[in-house]
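Have a look at the structure below before the remarks.
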Amino acid sequence: MSAGNGTPWGSAAGEESWAASGVAVEGSELPTFSAAAKVRVGVTIVLFVSSAGGNLAVLWSVTRPQPSQLRPSPVRTLFAHLAAADLLVTFVVMPLDATWNITVQWLAEDIACRTLMFLKLMAMYSAAFLPVVIGLDRQAAVLNPLGSRSGVRKLLGAAWGLSFLLALPQLFLFHTVHRAGPVPFTQCVTKGSFKARWQETTYNLFTFRCLFLLPLTAMAICYSHIVLSVSSPQTRKGSHAPAGEFALCRSFDNCPRVRLWALRLALLILLTFILCWTPYYLLGLWYWFSPTMLTEVPPSLSHILFLFGLLNAPLDPLLYGAFTLGCQRGHQELSIDSSNEGSGRMLQQEIHALRQQEVQKTVTSRSAGETKDISITSI
């Protein structure tokens, strides 16, 4: 029996992190470290290295002081928090998954079981809530570009606070279960925490809504408002502004080209969220309503679907890198446009001055001629 046959997600790591994670121990046949699990561990290590390097680079990039800015840009602050959430996934979820697949059973103490399951779910919540905060901020930046952005810190605090509170039940639901017999076996599961199966299903569905449905719905509403606002006739009419309008920007983040790149980045984050987590949660829903699916789905497929979820953390730094390059290109074009506009204004001023000099010379010469004629007539 492979290490993945005992869990709804096909792994001893307990991908069903909000409920019955881990390998069930009721059966007579214990799980093993299968070939599919070995491949999964190898891929997880690759994702860990890429995610850790990328998100640490993003965190360093967005937190270092910018000499051209008096205060940090809201966009940089948001992606600093998103990088922190991805690092929490990287350093909690990925090592836990790889180690648990290798050891097959739980080798740590009960307190470690409860704490790690709490941190794992908190990491998943934060990685789901912070893209929502980014979507709300982009909506405010597009609909009210000159408005106050003081609410960003409150939204970030709410996202982290909810992640902490919603993950607290893990501390009480998870515990270690020991199996006596010829081969002792210990696992970190929720066995015995729910008196009836419907209670466990209700908890799973509640967490599914908070982790996937609510963030997806909130982001869809935000970007729908943005698309409707951008596509409205008034917005299109006002979009053809002269280059001098950039001088009215109160910060680099409020400039139209930066808002456009930030909006594109936020949309890409939404798409990666959907592509990475939809297969993961669909498999979970299937298991909750049809537990016999464990015998119908190959373990290799379950491994692949879970790795799709882990892929989200390494992708975010790549998207931020593309955003940074786009902003730098837009900033260079903005500088060129501003310099060209300044040169054009100087040329117009010089031409106007020359014309004024020519007019003044003409008037002076005419005045001198009239004075000479008057003198001759008098003689």
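Note: Cβ is positioned from N, Cα and C throughout, glycine not excepted.
The disulfide bond feature in Swiss-Prot is assigned to Cys113-Cys188; the stated evidence is sequence analysis. Listed in sequence order, Trp106, Phe174, His175, Thr176, Cys188 are the same-chain residues six or more apart from Cys113 (disulfide bond) with CB atoms under 8 A from its CB. The secondary structure of Cys113 (disulfide bond), as reduced to three states from DSSP, is helical.
In the three-state DSSP scheme, Asn101 (N-linked glycosylation site) falls into the helix class. Within 10 Å of the Cβ of Asn101 (N-linked glycosylation site) there are 24 other Cβ atoms, across all protein chains. According to Swiss-Prot, the N-linked glycosylation site annotation covers Asn101, on the basis of sequence analysis.
Annotation source Swiss-Prot lists topological domain 'Extracellular' at 1-40 (among others).
Look at Swiss-Prot and you will find 61-76 (among others) tagged as topological domain 'Cytoplasmic', backed by sequence analysis.
Per-residue pLDDT, averaged over the topological domain 'Extracellular' (97-114), rounds to 92. Here Swiss-Prot flags 97-114 (among others) as topological domain 'Extracellular', drawing on sequence analysis.
What Swiss-Prot lists as topological domain 'Cytoplasmic' is 137-160 (among others), and the listing cites sequence analysis.
Marked as topological domain 'Extracellular' by Swiss-Prot on the basis of sequence analysis: 179-204 (among others). Residue counts for the topological domain 'Extracellular' (179-204) by DSSP state, with H, G and I taken as helix and E and B as strand, are 8 helix, 6 strand, 12 coil.
Marked as topological domain 'Cytoplasmic' by Swiss-Prot on the basis of sequence analysis: 225-278 (among others).
The topological domain 'Extracellular' annotation in Swiss-Prot covers 298-303 (among others) and is backed by sequence analysis. Break the topological domain 'Extracellular' (298-303) down by DSSP state and the numbers are 5 helix, 0 strand, 1 coil.
Annotation source Swiss-Prot lists topological domain 'Cytoplasmic' at 324-379 (among others).
Swiss-Prot lists 41-60 (among others) with the feature transmembrane segment.
Taken from Swiss-Prot, the feature transmembrane segment applies to 77-96 (among others), supported by sequence analysis.
Annotation source Swiss-Prot lists transmembrane segment at 115-136 (among others), citing sequence analysis.
Sequence annotations record features per position, and here Swiss-Prot assigns transmembrane segment to 161-178 (among others).
Note on the transmembrane segment (205-224): residues 18-19, 121, 124-125, 128-129, 131-132, 135-136, 138-139, 166, 266-267, 270, 273-274, 277-278, 281, 284-285, 288 of its chain, located 6 or more positions outside it, place their CB under 8 angstroms from a CB of the stretch. Swiss-Prot lists 205-224 (among others) with the feature transmembrane segment, giving sequence analysis as the kind of evidence.
The transmembrane segment feature in Swiss-Prot is assigned to 279-297 (among others).
A Cβ distance under 8 Å defines the sequence-distant neighbours of the transmembrane segment (304-323), meaning residues of its chain 6+ beyond its ends; these are 9-11, 15, 40, 43-44, 47, 50-51, 54-55, 57-58, 61, 79, 82-83, 86, 89-90, 93-94, 97, 127, 261-262, 264-265, 268-269, 272-273, 275-277, 279-280, 283.
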